[in-house]
Every structure is written in C-alpha cells, then in structure tokens.
C-alpha cells in the first residue's frame, strides 16, 4: 500500500467499518483523531500483530512453528466386548473406546529457572492461591444463594396468582350453580345461610395473603427455615442436576412424606424426585376436599375429579345454533352442523314429507325448514368466493369508454325474409346455405357500411327457437322486426315484439316484400297497433321502413334509421383491457374441438387470453370472424369464433377474461359443482314426482325415450323444448341425453340400454356407433330441418298410443208395441225415428233416457221378412237377444264400435 493511506481508505480495503477500525487502532495503542489521518506501514504492521495476538494466532511463521512444537496430541483406541442379555439369550457386542489427549508444554518447562523459589516464597504463593480460591467460592455461593432466593420468590408469586385465579373461577362457578338452583327452586328457605356470605368465609383460609399456611409435620415451612449457606459440594451437585422441578425442592418437599413416597427409589436424584412430586402431588387448591385432607399421601390426592372451570357442566337450556347453509347441502353435512345424528335429520325430513337419504343433497329452502323445525336458526352461506374474486377482477379492468358499433338483431316470423334482407346488406348468399331455406342458427356478422360498422344477429323465426330469439333480444341494442307485407303479423311476430319490450330495446319495423302484388303495408301498421307498436305516421315513436330484400328497395333507408337510432342511444364501451361478453352459439367441431361464437361487449379479446365461459375455461388458441379470417383482436360489438375452451359452453353464458389460468379453473370448477348439485336436487325431486305420478296413474302412460345430438347448442336447446312440449297425459317424451357433436359409441350404448330413439340433427354417427346401432336394433334417424323432427316424433309417439275404440250411434227405434213369439220371445214393434238400424249390431235399450240393457240385435223383420237394415221412417220388428222385458215407449239405440288411431 502507499505511505499516504488514510484510515478511511484502509477501512475500505479491509472491508471493515471506519468506527470499528478506529476502535481496533486505539486498542492496539495508537490514537487517531479522525478517519482522514494517514496510517504508516509500521502502524499497519503493529495493528496486524495486535489482531493476530487477539485471535490467538502466531505473528510470524517461525512463531507458528514454535507454537505447534509445544503441543502434542495422542489418540488411543481400546476394543472390548460387552455381554448384553436379550430375553432368554445373551448377545456379545463389540465396543470401541476412543480417547484423545493433548499435552501442551509450558513456556518455562525445559528452560529451567534462573533462581529457584525459597520455601517461604512457595508457602506465600500457596496461601495466596488458597485465599483467591476461597474468595471465588464465597462469591459463587453468594451468587447462587441470591439466584435461588429470586427464583423462590418468583415461584411463590406464580403460585399465589394461580391460587387466586382458581379461587375466582370456583367462586364464579358456585355463584352460577346457586343462581340456577335458585331459579329452579319453588321458594327460598329463609333460615338457610346465603351462599354468597358463606363463600368468602370458606375461601378465607386458602388465601395466601390472609393466613399463614400450616406447617408440614416433617419439617419447617420454607419461610421459617434458616438460610444457612450451602456447602460447595452440595452446590456443585445441585448445579449438575438442575431440572424443571428443582423449585419444588426449594419449596420444601424434603420431608417425611417425600421420604415415604420415594421409598425403594434411592437411585433417583433429588431433582428427579422433585419433578415426580410436582407431577403426582400437585394440590387442587380446594380446602376441605378429600385431596386436601389426605395431603399428598402417595400422590393419590391428584386423582380426584377436578371440579374447576374445566369440568363438564350440563347445559341448563337448549343450545340454539346458527347454521350457515348454501344453495345445496347434503343431509350428512347438515346433521354435522346441527350436532345431530344423520338419522334424526332424515326422520325430520320424512315428517315434512321429504324422502331423502343421508347422502342426498337438498336445496336451501328445504334445509332451512328442517333446521328451524329442529329448533335452530338457518342463515344463507356466502359461497361466491371465487365469483367475488372474478367480479373484483372484472371491475379492475374498467377504463376510458369510447363509441362502439350498434348490435342489431333481425327478428320476425319464419319465411318473412329476415335472412334475405341481411343477405342483401352483406351482398352474399347465406339463405341458400341453410337447410330448407330457413335459419336454424343465430348468425352473427359485422358489416362495414358507409355509415360505420354495424353488427347483425340473424335469429330463427320458427316457433321452436323461442329461447334463441330471447337470447338475441337480451344482448342487442336495436331490434329490426321484419314483417312480410303480404302475410301481416304472425305468431312469431308477436313473440318478437314481446321479447323486444321485455329487454327494453328500441324497435324498427321493416315491412318486407313490398314488391309483391298482394303487399299491404297499412295492414301491417294496423295489426301491430294492436300489439302497442305505434308507427310514427300514427303519432308513435316506432320507425316503419318499407323494404324489399329481393330488389333492395329501402335498404339504404333502413341503414340510415339504424345509424340514427344508434346515435340517439349513445352507445359506449371500454375498448381496451380485459374483454367480457356473451356466448351467442357453441358447437363441437371434429377437427377444431369446442367452438364458441361470442359477442364482445367490453374490452378487447386477443389470442392467448385466459377466459371463463360458464362452466368452461381455457386459453384462446385462435379467433375467426364470419369470413374465416383470423383477426388479431376483437373489440366491443364484434362477434368472433373462439377456439381453445375445455368444453362446449351453454349458449347465453357470459365470458370474462382473467389474468391467470388458476383463477379461471377455480371459478369454472365452483360453477360446475353448484350446477351439478342443483341438478341432483332437481332430478331427485323429479324422480319422486314420477313415482307418485306412476302410483296415481298406473301403467297407462307411455314413455318415449330420445337421445338428441345436434351440431350447435342452440339447436339442441330448441329440439329439447319442442319435443318435451309434445308430452300429454297419455305419453311422455323423455330426453335421456342431449349434446353437441357427432353420435358416438356412448350415445349408442345409452340408447340401446334405455330403448331410446337417436335423433341426429345435422350430425352423423361414427363407425363404432353405427355398429352398435345395427347390432342392437336401435332406431337412428337423421334430420336437417326442425319441422321434420317434430313431425317424425309425433308419428312415433302416436304409434305408441295405439288405437282408440269409439262408439258411433247408427240409428234409434221407438217401441210402439210388444208382441210375443214362440221362437224369439218378446218382439218389439218399432218405428225408426233416426238413422239406420242394422242386424247383428250392438244395441242399448233406453227407458226414460236411462240405459236398462245392453246387448245384441238378434232379429230384424219387415213385413214378416228378415231384412239386414231398416232406415228412418219405416216400421219393423226387433228381437233383442236374451232380453224379454221390452215395454212400449222404450227406445232401442243401435250403434257400432270403430277403431281410431290416436294422435298427439
């Protein structure tokens, strides 16, 4: 180092704080006033030597060698065998003992003494050493005595505090018992002393501050024992065996009782005896108890039952619990929360008319009723922890709002030209691609016009797609109601008006097909007036635009009306951040997996985002628009197809983009659990209703089982609703399974097991499914138009109903007189007053409009000739088989039974 090294620089070089370095220099005998002073090389070496001496190291290699020469270490190893008894046998164990000794040569050894000490000097040296040793022993004894005194005082203080706490708890317990006894007693006894006055007197002797403790028979108390200084050897033994229980020795357990207690245990040390005495003979602190009277005789007094604050007390009143119940709960969980047996809860449910097992789930209302019936209070549990986290996650994504394109839904009756109108706007040929020329899916498109971007939703007009139209009206901004000028208002037109009003969405009426010869726009306005849709011409606020989807008349005016209505609504949304929206349609593509058509309502949906969609979740693998292109992102009011979900979501579910997959998975699993529990509760209720219905109706009702598979979720929903609605009191349509995608082997097995008919709507069965269908004779039918599905199911259901026997009255004959015949008995002379009477047909005899006989017409004669029939206005003789009580004035009704095929 340089000669001009300062203390600060030296501290940086040796990585030591400046203050510490100044202290070390001062200890080495070098005084410096500040860190900026210069340190010479000599001073550095002096500091280094001081530090080496301080840490016990030699300053130079020569000194280190000399230090090593003064030490010698000897290692000794000795082997021996030890015999150990293990049960009845003895085992020899080899034991190796290793010893290590280090000998250090003193400095003066070997060098000799220059002047040997005289005997007087040696004696003085020995006396000085003895005096120093004696003084050290006295100091150590005083220190130990002081520490023992402090420890004893601390132990006594803790005991006093524990005793006071026990006394307070005992007093409170007695006061509670006396209050309960006074409340249950019929009348207080005046001569009896009050417990509150007797309690302090009973507790007075036990208080350490009020009275001295009785001395033990074996010796004096710790307070009266003289404090004699302990011998050094005793102190050493006490220091060697110091344990947790040593304070009991100080408190005076070395008495006769202790000697008797540990008789035969002389191998125990004093500390071990004290610890065992502390554990076995701890006093209960209750004067007058059996343990206090007997003392600590053999430690048995501590086995008495402790009636302190930790003892069991029987409740004096029923315990009312507050039970948190979610949407669903199993009977076993409810019983656990009520602290009851599961059988008791099941019995209570049976008394309420609910048949449930201990593992079955019940809904919140049923659980709340049975909880209140059992005397407890039910509260609704908050199970929306993940939902709350998702809501907070979505609220954090709020940002600046910008103007967004309008979402326009095209609604109307079937075949009124909705898709054709949208086709003209988009300049494509969509209508020709739909089976039967009708729309069976929700088509979502966005169109760039001269007036900006407009997103269109084309909904089906068929009656089976009610839920699709309701879903379209829910997420839309403007509804364009298409009405054919030649047909006028139809049932689905009225339904579309109701959906628009329920959603609070403004309505624009497009009167289509005005180019046809029978078009009457005024008729449309008048018919819609009955539905409270008032045109602007009539003083209302609804725009009526006359258009022609075939030639394009009025389409530009319709777009202007849509843009004007959007400006009035001032539609805004957050264009950046995490996206959220609604699922319009979903399907299962064999090559791409689950595909969901979503409408973004907030934020921007990008590739790679994690999203929760109903009970499904996943990462967006790809985005597709209606033209098949892959946009980079989709903003508000833009419909896109999403790939990458874990399953097919339900149409109408909301989706939210989250930051991580963990939150998405947790939310989806919680929703799936809730939906499954609700479905189990509903299915159990339905099964019970089915059992009761079968008990009431017998075996008369037929059941038609169906398995429905379709290409998109909306079609599955529409088919289920339409087919189940065909059920009546004679036949029940039961959809045992429905789903999206092709017909698989499991679908075929389910249909074979339940003897169901498989309906494939725009889907086909794979090879394994076809093999099962052929081998088991399962009825498999393919459809592409929903009309055909409904008609075919009606025919199949009608075939299950069989035929109906109907009675048709053919003619009525009035009895004018009765004749006797040896061959036929009584023969009625009749006049045919209605219809035709034929031979060998069943008849009824009516007397005063009451049926008195039902049988068969045996003989029919006219002018003594047998005839097959007699018509109205003619006279005849009628012989009734096995009936002779015919009287004048009776009516004979002739009828026939015919079979009529039953239909739905």
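Quick reminder: no glycine exception, Cβ is built from N, Cα and C everywhere.
Bear in mind that the values here come from a model prediction, so they are computed numbers and not experimental data.
Features as listed in Swiss-Prot:
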type: BINDING; residues: 412-419, 458-462, 512-515; note: GTP binding site
type: COMPBIAS; residues: 136-177; note: compositional bias 'Basic and acidic residues'
type: COMPBIAS; residues: 178-230; note: compositional bias 'Low complexity'
type: COMPBIAS; residues: 285-303; note: compositional bias 'Low complexity'
type: REGION; residues: 134-248; note: region 'Disordered'
type: REGION; residues: 267-315; note: region 'Disordered'
type: REGION; residues: 412-419; note: region 'G1'
type: REGION; residues: 437-441; note: region 'G2'
type: REGION; residues: 458-461; note: region 'G3'
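Taking Cβ-Cβ distances under 8 Å and a sequence gap of 6 or more within the same chain, the neighbours of residue 514 (GTP binding site) are 485, 521, 546, 547, 548, 553, 554. According to DSSP, residue 418 (GTP binding site) sits within a helical segment. Break the compositional bias 'Basic and acidic residues' (136-177) down by DSSP state and the numbers are 42 helix, 0 strand, 0 coil. Summed and averaged per residue, pLDDT over the region 'G3' (458-461) gives 66. The binding-site residues under consideration are 412, 415, 418, 459. Their Cβ neighbour counts within 10 Å are lowest for 415.
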